[in-house]
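Chemist: This is the structure I have questions about; it appears just below.
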Amino acid sequence: MAVLKVKFTKTTRDKLAQILWILNWVSVVSGIILFSLGLFLKIEIKKRKEVMAKGDINSVPNMLISVGVIACIINFLGGKICYDCSDANKFSRWKLVMLPYIVCTFCFTFCILVGALMCYTMRNELEESLYLGLRDAIKFYKDTDIPGRCFLKKTVDLLQIGFHCCGNNGFRDWFEIQWVSPRYLNMASKEVQDRLKSNVDGKFLVDGVPFSCCNPSSPRPCIQYQLTNNSAHYNYDFLTEELNIWVKGCREALLDYYTSIMRSIGIAALLIWLFELSVLIGVRYLQTAMKNVLLLGDLEGESDGWLLENSFVETAKYNISIIKNLGKANQISTVSGMNDPNINVPNTDCGKTNLTTKSIPAAR
């Protein structure tokens, strides 16, 4: 029994073909939108590649870009097919192409769904990439004289200013690394020598942060150094008073930024997927309706259209049987109920007759 069978007249078939022709051109635009969204996300990730570790974070934008290009090609072809389907004579040239086209379009719409879901599942990979990238960027913040790292100070400062953040997980990350270059330290100073000796690794560690961590909205002048020393500042308690530096870590700030972008892109991709799926259903109805018209021989008469010719269970069994019989070169598929002609074939003697062997008398 056919699934979701609908009866079409010639008028409804023509109108369906015209509507699908228009919708396929709209789908070309949706493909351009997917391509643009993927390109935008790729550019946004590339902007901050210095603070991201290498990983699979580009898989989502690459997926959206690829699907967008494929959408433009498939829907352009679909528009031409649907336009010709208004004429039964022109449809005959596409008759053998329609079913493979529908299968390819179904796989393509599934890729759109996968791309939309990936926008919601890549948060963990992005968080790990940001954590490792920011850790290394902060670690090399002081290396302004080393080629390949001299840009990191500017990158981290602009990042902290632009995203209102400080450190990787928070401002205390700066307490654990030497972020002041040795060229700006007075090695003859007793204070500097004491700090270097007090650290096992010989690093100059201070309870301070770079200037880019300062919050310009704070009414109090920025306190960069001795953040945990209450006696060093008048009327100051770092445990109870809200600090005049950014408290949020840059990893959290960037993660929220990219998550909001990917959430919006995911919603757009889901809407495009629903639209493409509706167009695919319409094309399937048009294909089956036009196929039945040619089988009936009455181009002006009514015809049935459906999504599946048989039930879901029968269709699944049919496809499973086809898969099982693939590769069996020595027998023919029995899906259609046909037996292998090479089995149980009566043996023939090929013109030979069974002769009784007579014994030859022995010579005397």
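Glycine too: its Cβ is placed from the backbone N, Cα and C atoms.
Copying in the features that TrEMBL gives for the protein in this structure:
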- 20-40: transmembrane segment (TRANSMEM)
- 60-78: transmembrane segment (TRANSMEM)
- 98-120: transmembrane segment (TRANSMEM)
- 265-286: transmembrane segment (TRANSMEM)
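Are these features on the surface or tucked inside, and what touches them?
Modeler: Listed as Cβ neighbours of the transmembrane segment (20-40) (distance under 8 Å, sequence separation of 6 or more from its ends, same chain) are residues 60-72, 75-76, 78-79, 82-83, 85, 112, 115, 265, 268-269, 272, 275-276, 278-279, 282-283, 286.
Sequence-remote contacts of a segment are chain residues at least 6 beyond its ends whose Cβ falls under 8 Å from one of its Cβ atoms, and for the transmembrane segment (98-120) they are 34, 59-60, 63-64, 66-67, 70-71, 74, 77-78, 81, 262-263, 265-266, 269-270, 272-273, 276-277, 280, 283-284, 287, 290-291.
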Chemist: List, by number or range, the same-chain residues at least 6 past the transmembrane segment (60-78) whose CB is under 8 A from its CB atoms?
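Modeler: Contacts of the transmembrane segment (60-78) (Cβ under 8 Å, skipping residues fewer than 6 from its ends): 20, 24-25, 27-28, 30-39, 41-42, 45, 101, 104-105, 108, 111-112, 114-115, 118-119, 122, 262, 265, 269, 276, 279, 283.
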